[in-house]
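**Student:** Following this message is one structure expressed as structure tokens.
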Amino acid sequence: MQQKCYYEILNVSKTASGVEIKRAYRKLAMEYHPDRNPGDKEAEIKFKEISEAYEILSDDSKRSRYDQFGHAGVNQQSGFGGTGGFGGFEDIFDTFFGGGTSRGSNRSRASRGSDLEYTLEITLEEAFFGVEKEITIPRMESCDSCDGTGSKSRSKTTCHACHGQGTIRRQQGFFAFEQTCPVCNGTGYSITDPCDACYGNGKVKKQKTLKVKIPEGVDNGDRIRLQGEGDSGSNGAMNGDLYVQIIIKEHKIFERRDINLYCEMPISFTKACLGGDIKVPTLDGEVVLKVVPETQTGKVFRLREKGMKSLRGHRRGDLLCKVVVETPVNLSAEQKELLEKFADSLGEDYQSKHAPKSKTWFDNVKDYAKKFFE
């Protein structure tokens, strides 16, 4: 039996941040928890799936293996049973607020770094070909002066308020849950000689320069995840991730819609009448387009596979060129005389013979007038 996608189980995208995954899990776990659905086998199965998905996607190492190899990369790592490792609602609150056991203590002492976001503006050409960009971001990194301890002497004293747990147990109505210790801010220890460089935080803000590979075909709003390039974790915990959001600059010629490109192509009055070849710019060079005689404004020519590459396959979009017939301007007296002779040569049956759109329009006007005055 084919296993369900963990991302689909939690109703999140594959680029979802840790915060988004946690929020989605909490909502679903509260909805399908067996304590809320006694005797409901389907809810119990759903809760097991949700718990299994969260255990994998909330762990950076397991999530990375899952993204690379699918279920095969994590099946041997995940042993699930019962209700996915949760007893009652208190266990769910422990997951998000910390617990009174050694497990909660470990979480309070080791905290994963925060995820960061960066907006990167690129050109349509860069999105077409793909590009490597260099960016500089501010992020929190471990303090070199105190090796991340926050202490000059690199020594720590157990917090007297929480006794090293990092959390203090609270009772609210029927629920008992843990809150971060306000004395030590969840670290489980206190510092008597704070480091002069980081003021006891163990972290300092630094500028980090990174190279980001932008794949060809990337679109507005796409996010690229750089694992481990977010803020530094505390006490040996993993770093957060960096999410680079792509913004594509407006182009002077082309408009993008999904994987297709669109443009308006001005042609001369004579070229529209007589036809001929014209050079059309594309993102990867000029191409020659054959304009058929008697081409009208609004006609669209499709250039196959001259659009953007699809990120989700090997398809490439098309370039659609809309014709705009330009009316001549700044005419000399001689040119105007020639045009008048040309107009006279068309004769009285000009509309019926030489202007099909004009004929249709006037016919519609006449029909409308008849109905209006009848």
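Positions of Cβ are set from backbone N, Cα and C atoms, glycine also.
Copied straight from Swiss-Prot:
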type	residues	note
DOMAIN	5-70	domain 'J'
ZN_FING	130-207	zinc finger
BINDING	CYS143, CYS146, CYS195, CYS198	Zn(2+) 1 binding site
REPEAT	143-150	repeat 'CXXCXGXG motif'
BINDING	CYS159, CYS162, CYS181, CYS184	Zn(2+) 2 binding site
REPEAT	159-166	repeat 'CXXCXGXG motif'
REPEAT	181-188	repeat 'CXXCXGXG motif'
REPEAT	195-202	repeat 'CXXCXGXG motif'
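I'd like to know what surrounds each of these features in this structure.
**Tutor:** Proximity of CYS146 (Zn(2+) 1 binding site) to non-local residues of its own chain (separation of 6 or more, Cβ distance below 8 Å) is seen for LYS152, ARG154, CYS195, ALA197, CYS198, GLY202, given in sequence order.
For the repeat 'CXXCXGXG motif' (143-150), the residues of the chain that approach it from at least six positions outside its boundaries are 156, 191, 194-198, 200-204, 232, 234-235, judged by C-beta separation under 8 angstroms.
CYS184 (Zn(2+) 2 binding site) counts 24 other C-beta atoms within 10 Å of its own C-beta, drawing on all protein chains shown. DSSP assigns CYS184 (Zn(2+) 2 binding site) to coil in the three-state reduction, placing it in neither a helix nor a strand.
A Cβ distance under 8 Å defines the sequence-distant neighbours of the repeat 'CXXCXGXG motif' (195-202), meaning residues of its chain 6+ beyond its ends; these are 142-146, 148-152, 234.
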**Student:** Excluding CYS143, CYS146, CYS195, CYS198 themselves, which residues in that chain have a Cβ inside 8 Å of the centre of the Cβ atoms defining the Zn(2+) 1 site?
**Tutor:** ASP144, SER145, ASP147, GLY148, THR149, GLY150, SER151, PRO194, ASP196, ALA197, TYR199, GLY200, ASN201, GLY202, LYS203, VAL204
**Student:** What Cα-Cα separation, expressed in whole Å, is found between CYS143 (Zn(2+) 1 binding site) and CYS159 (Zn(2+) 2 binding site)?
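**Tutor:** For CYS143 (Zn(2+) 1 binding site) versus CYS159 (Zn(2+) 2 binding site), the Cα atoms are 22 Å apart.
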**Student:** Could you put numbers on the helix, strand and coil content of the repeat 'CXXCXGXG motif' (159-166), residue by residue per DSSP?
**Tutor:** 0 helix, 0 strand, 8 coil
**Student:** Other Cβ atoms within 10 Å is the metric here; tell me which of the binding-site residues CYS143, CYS162, CYS181, CYS198 scores highest.
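**Tutor:** The residue with the most neighbouring Cβ atoms within 10 Å is CYS162.
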